[in-house]
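What TrEMBL records for this protein:
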type     : residues : note
TRANSMEM : 20-41    : transmembrane segment
TRANSMEM : 61-81    : transmembrane segment
DOMAIN   : 65-180   : domain 'ABC3 transporter permease C-terminal'
TRANSMEM : 102-128  : transmembrane segment
TRANSMEM : 148-171  : transmembrane segment
TRANSMEM : 200-220  : transmembrane segment
TRANSMEM : 226-253  : transmembrane segment
TRANSMEM : 285-310  : transmembrane segment
TRANSMEM : 548-569  : transmembrane segment
TRANSMEM : 603-626  : transmembrane segment
TRANSMEM : 638-658  : transmembrane segment
């Protein structure tokens, strides 16, 4: 008897190949992807590259995401297999096989699946890992090494993780078999035929959750708040989606059923009643497809936007090629600027767009029009609430503003000009340190300031009448913050004439020659200041954004695969469940054409409702995601809109292709 189990398991898998082959393929792809991220996370070749450690940190995060996804996804797909085969197990039980015998057959099936999936998954992972490694090297601009790398850690991690997953899947299957009676196993495939009741409370709660998530997405203006509220809003939308697809869809079908003019037509009657009888299970699958589709759309559109707008983000952070900063009263500042200019001149580079201005930056918590600097006044606020209201106030004298911007603005005593980099200025006046300033005008542009772009809090750039106002604010700031108070600083900024990419080597040489001279100035004359070079920082930006793009694309492929496989299994399951029902419909007089039209109506509903809902989710999330991208110095809304629209269209085309294939499969099962 024992020798029969392996053969029976193999025969069962062969006879159920229409469902088993896609399941094994999904296991292979998931294992391959986990091996790839594990291998890249521990690849010593990457860690030795400039920017490679950043990529590896992203891959480490990706490991946990893929591992969590693998547990949920493989359990979910296996549930489709078990549902299709419980009747088969029931027949085994009635024909004389005990449940422990059935459990052993399932054990061998699970073992075969594990062995095949691991062998092919690791094999595919090793091959694709080399390809992914080459892509990363290309993105980082590194040379291509010879040889082939196999990660022992990646193989071991994959064996441990997926060994545990398959063991849990087996134990769950055994629990299901042993906990059911033979008659229940026979009937389980057609279980749930009882018409579900409308759960209005859950439907209303789902609508409320979805509305709350949408409201947060639309009304949150602060980028820091958007980042903090992101997971809460996502949670509300996910819960709302599940509730509306399960309870809300049933409630809607009940309303359609009550509409006699609509319901009592053959094409509507069959579709509505058919969806009604299985809506609980249908709805969960539809909600899963919707959420996965939304994840793909958001991830792809955001990562493409970041990567495509990378150069613009660099320009926002480093608006000038060179920036030398020091305290406004630094006696050696002019000498530091001359050292920098001379170093660039020796490389044959000519400076242009040279500007310098003085400024004072003060941090404060915004309460209406008042900027609070007294820490005791906001001690009662939560750290998040305080940070949400935190503002950077950058004060600049009118003289410097007019010189840098080539303007001729005039200010009276107590008047200011205000520019905001992220939030609309709604106040008519500002109060700080018991001083009240009237906002004469809000500005549409301001002098270059990369430090403000690097700061994730909102900033107000405030032009005051003269330096005496700034010095007065400096004294009040020092009294409030003590040794933590900021100084009045002076910034010198300049660009290099010509194309920066063509002059890259010369710029880097000039910058590297400047550094030791400034260090000597620090040692000999006590110079206190800093220097930034845009070209020198480009590689760091490129590595960060390339890593995000790679991980985003990688995870999007994983989520897309999951959505397609869920659609596939959903159609197979529904096809077999509906086969007998449509046979009855043809027997009672419905034509072949009417049956096909009814099938198309139901398949269209099943397929395109998740896509449409995902599109609505993305539309409401658009301003929310854009504000989060602002924290990465991405401010190009038009580019983000184009990337989002393009991603949706491309995904919709893929969706239609999957629909065409699965609709044919569904109809082929039903019409047999």
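Just so you know, glycine gets a Cβ as well, placed from its N, Cα and C.
Unlike curated entries, TrEMBL annotations are predicted automatically.
A quick note: this is a predicted structure, and the numbers were derived from the prediction, not measured.
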- Note on the structure: Beyond a gap of at least 6 residues from its ends, the CB atoms lying under 8 Å from the transmembrane segment (148-171) belong to 27, 30-31, 34-36, 38-39, 42-43, 45, 63, 67, 70-71, 74-75, 78, 106-107, 110, 113-114, 117-118, 121-122, 125-126, 129-130, 133
- Chain residues outside the transmembrane segment (61-81) and at least six past its termini with a C-beta under 8 angstroms from it: 16, 19-20, 23, 26-27, 30-31, 33-34, 37-38, 41, 157, 161-162, 165, 168-169, 172-173, 288, 551, 554-555, 558-559, 562, 565-566, 569-570, 572-573
- Would the transmembrane segment (548-569) count as touching the transmembrane segment (638-658), i.e. at least 3 C-beta pairs under 8 angstroms with sequence separation of 6+? yes
- Item | Recorded stretches the transmembrane segment (285-310) and the transmembrane segment (603-626) touching, at least 3 CB pairs under 8 Å | yes
- Item | Spatial neighbours of the transmembrane segment (548-569) far in sequence, C-beta under 8 Å, 6+ residues away | 19, 22, 26, 29-30, 33, 36-37, 55, 58-59, 61-62, 65-66, 69, 73, 76-77, 80, 132, 135-136, 139, 285, 288-289, 292-293, 295-296, 299-300, 302-304, 306-307, 607, 651, 654, 658-659, 662, 665
- Query: In the same chain, which residue numbers or ranges, 6 or more beyond the ends of the transmembrane segment (20-41), come under 8 angstroms Cβ to Cβ?
  - Reply: 13, 55-56, 59-60, 62-63, 66-67, 69-70, 73-74, 77-78, 81, 113, 116-118, 120-122, 124-126, 128-129, 132-133, 136, 149, 151, 153-155, 157-158, 161-162, 554, 557-558, 561-562, 565, 568-569
- Same-chain residues at least 6 beyond the ends of the transmembrane segment (603-626) whose Cβ lies under 8 Å from its Cβ atoms: 213-214, 216-218, 220, 226, 230, 233, 237, 241, 271, 275, 282, 286-287, 289-291, 293-294, 297-298, 301-302, 567, 570-571, 574, 637, 640-641, 644, 648, 651-652, 655, 658-659, 662-663, 666
- Note on the structure: Mean pLDDT across the domain 'ABC3 transporter permease C-terminal' (65-180) comes out at 78
